[in-house]
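*Asks:* Below, the features straight out of TrEMBL:
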type	residues	note
COMPBIAS	1-14	compositional bias 'Low complexity'
COMPBIAS	15-26	compositional bias 'Polar residues'
REGION	1-30	region 'Disordered'
TRANSMEM	37-58	transmembrane segment
TRANSMEM	78-100	transmembrane segment
TRANSMEM	121-143	transmembrane segment
TRANSMEM	155-178	transmembrane segment
TRANSMEM	185-201	transmembrane segment
TRANSMEM	229-253	transmembrane segment
Amino acid sequence: MTSSAASASCSPPSDRSTGPMTDESPQPSPAPLARRLVAEFLGTGLLVAIVVGSGIAASQLSPEDIGLQLLENSLATTLGLAVLIAVLAPVSGAHFNPVVSLADWWLGRRSGQPGFAVRDVTPYAGAQVLGAIAGALLANAMFDVSTAIATTERATPSTLLAEVVATAGLVLVIFALVRSGNTRIIPAAVGAYIGAAYWFTSSTSFANPAVTIGRVFSDTFAGISPTSVLPFVGAQIVGAVLGIVLVGFLFPVRAAASERKEKKVPAGVAK
């Protein structure tokens, strides 16, 4: 569920969402931090409302069929996440996910390209967590469900491994598209990845610490017990690190920049 869902959910990096950076590219001016934080709060909140709300609806509409419930929940999350990214990426980058914010900062730092600032990581994470909690409360209210701490235990060796895989894949999908210059398809690609990860991971692909915390506040289909949160978040951090390593190895931007420069200046002409 990625980020549930989410991450589900997740999301393209902030100020590089318009295309790949080069040494010659003008750097766009980021929106004021307050505006970006509101976008992250709103986006993460709506994402969790989609995940939790569609889970409640699925349980009510298909009470005897768990597979159909998951299909309904994953379809709503896939479409909703893609729309949220497309709408809010121009404002904040549509991270909606602390590990995406961390990855955006780290990969930008390692590539030598200006981008997401380390000073913004903590404010982004705070806005994302608060938004996720608000989204769960909103979903409860919309379906007239009493707010209660979730009791569903999810942390097992297999689901923790699944969270590592899901989060690594999410980071790889986002930043592979950024570094290859295919940012315009990020909303659809991230939504599709999360939709698939609902089904190919045993954890249903939370892949998002903020969304994981938010889902504690709804004891419904998408809920997660507080005792499972720390193991899940730990697995997600491990997955993010693995994803960062894979991006750096498969899409080394410095090497690509050097190759472009070499092509511009023939060896026999350089002095």
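Note: Cβ is positioned from N, Cα and C throughout, glycine not excepted.
It should be emphasised that the depicted structure is a prediction, and the values quoted were computed from it without experimental measurement.
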*Asks:* If we call contact 3 or more Cβ pairs under 8 Å (sequence gap 6 or more), are the transmembrane segment (37-58) and the transmembrane segment (121-143) touching?
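*Replies:* Judged by the Cβ rule, the two regions touch, with the required three close pairs present.
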*Asks:* Give me the stretch from 121-143, 185-201, 229-253 with the greatest number of Cβ pairs under 8 Å to the transmembrane segment (155-178).
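*Replies:* By Cβ pairs under 8 Å, 229-253 leads among 121-143, 185-201, 229-253.
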